[in-house]
Amino acid sequence: MHDKDESPSLLKRAGTEKLREVFQKYASIQKNGEHYMTSEDFVRKFLGLFSESAFNDESVRLLANIADTSKDGLISFSEFQAFEGLLCTPDALYRTAFQLFDRKGNGTVSYADFADVVQKTELHSKIPFSLDGPFIKRYFGDKKQRLINYAEFTQLLHDFHEEHAMEAFRSKDPAGTGFISPLDFQDIIVNVKRHLLTPGVRDNLVSVTEGHKVSFPYFIAFTSLLNNMELIKQVYLHATEGSRTDMITKDQILLAAQTMSQITPLEIDILFHLAGAVHQAGRIDYSDLSNIAPEHYTKHMTHRLAEIKAVESPADRSAFIQVLESSYRFTLGSFAGAVGATVVYPIDLVKTRMQNQRAGSYIGEVAYRNSWDCFKKVVRHEGFMGLYRGLLPQLMGVAPEKAIKLTVNDLVRDKLTDKKGNIPTWAEVLAGGCAGASQVVFTNPLEIVKIRLQVAGEIATGSKIRAWSVVRELGLFGLYKGARACLLRDVPFSAIYFPTYAHTKAMMADKDGYNHPLTLLAAGAIAGVPAASLVTPADVIKTRLQVVARSGQTTYTGVWDATKKIMAEEGPRAFWKGTAARVFRSSPQFGVTLVTYELLQRLFYVDFGGTQPKGSEAHKITTPLEQAAASVTTENLDHIGGYRAAVPLLAGVESKFGLYLPRFGRGVAAATPSTATGS
């Protein structure tokens, strides 16, 4: 599984031989015994971009030139390998953009290089930028002969869009009044700041002005806010001490902004105005900020084995789709439950043997001094496979049991979650309780058969007890013996476990709210400790009710009868027998089960229009390149090493710097004027 925290700076280089094998697979040109890739080989066939038949030639050549450092129109293996290495560097995004503008491959950008690329972008075709103005002369000199190195280029690229926005404002305000109309404001923002807009913000650009003319200070504050949304998120987290669900007021975020950044009160006013326009709320939480700020290429790259979009939008969620979603969760939950149960089954057997060991009512010495002694004696007398006695019926039952628990918990949480993705604690507890109650249908028959098989090894008889014989002996109603105790254990367990897991997982997420698989495992294991230990008395009572009493042992007629007799004969400590074994079994089992369940949802991703597990990577399609990449539903296994980041990085050049290149050419009527040379 490759689902891990991988920004390009953490990508591991590909091996030379494997990279050469991939290169030769796509290289269509051979000269003097050497293989070469053409622009189309690299961009369209290898990267999978610009797959349309009427693609823009010039855009494809521009992107290929990033790797073609010799600028001869062909990409050699050494150039292919060098670009793979560049993609693994921490500043790969800026270096990729630099090589896009370094048209001659000499490590500098001239005025002609810069102007040539800018004039080919969609933005310049819609709102032309003065390439002869004072901004350009400040960077390239009055005669435009100064060459810009990489470090200087990064600042130029940063300042260029701010200057473009101000120049656009001046063009819409020829009289110099300091105001533009709401529609002109919308036109500028949609074109110049397109890469910073989410659909919610874009659709409310006019309404946020309330029909009034937009002043220059408001315009600058608005663009500054869009640029600083990642900083705003940090201000929010500072104000809420790390919580992503706390609703905070304007005064709270103003106070936090004063102590840690230079964000102005006007920007905060616009932020709350925007949040109100999008969600009609007087307070904001982290989800409001995420809805205002688009996700960029630096989000975590989850390698999905399958990706299916069941509905176009949440509004299309029919009852049938919701049934499909529950079936999908049930299937993944079954597999996850089986994995978790198999991993910890030996611990479960030891726990059962310890809980069934009685003092005071049976003549003879105790069989096991402690859990470790029990483990050793099982292996010595019954063999290693004795630790897995009763595993088969456990797996047959645990798959639907865990599946229904996970499915019901998710279902109830979905119903009680508000539109912003928040759920109150009482609702989390209720969802967990419902999940625990629903599982008893499967749990009780499973547990009673499993327990009788597990304790069978303690009796030295020649006959071997099998699961089916236990089922026939008990009958349908007998399989639900001890169901009240089962409910007494499973309802509070799940009511404690699932809310604890959700909050622990959120605490262990990184600054972007993402959970690495190891944090999921840790959160699942940690949540199991209080849940498993606190319900041990109910588990002891359930075990005593479900095990067949041997000659001379006390028998019980029900939960209350068992409670009184255990207290009278063995004292209060008996209720906590096997606590350690139960914690050591339940804690890792649920850790393994939950991490498997969530990773399966990431790997086999299906968008039903509902909620996804929090902390999983939520890939937002915001640019044409990302849309092109998303059209391929399976991972390209040839994208190895740094090339795993190639498509997200090229999308980042668009989404971070607004350098959108025309997608279409070759006689397409909608082609922009800048595509003429690519036709």
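Each Cβ is built from the backbone N, Cα and C atoms, and glycine gets one as well.
Here's what TrEMBL has on this protein:
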- 89-124: domain 'EF-hand' (DOMAIN)
- 160-195: domain 'EF-hand' (DOMAIN)
- 324-415: repeat 'Solcar' (REPEAT)
- 423-507: repeat 'Solcar' (REPEAT)
- 515-603: repeat 'Solcar' (REPEAT)
> Near the domain 'EF-hand' (160-195), which same-chain residues lie under 8 Å Cβ to Cβ, leaving out any that are not at least 6 residues past its ends?
Replying inline: 118, 123, 126-127, 129-130, 133, 135, 202, 205-206, 209, 211-216, 219-220, 222-223, 226-227, 294, 622-623, 654-658, 660
>> I'm checking region-level scores; what's the whole-number mean pLDDT for the domain 'EF-hand' (89-124)?
In response: 89
> Quick one: DSSP breakdown of the repeat 'Solcar' (515-603) into helix, strand and coil?
Replying inline: 71 helix, 0 strand, 18 coil
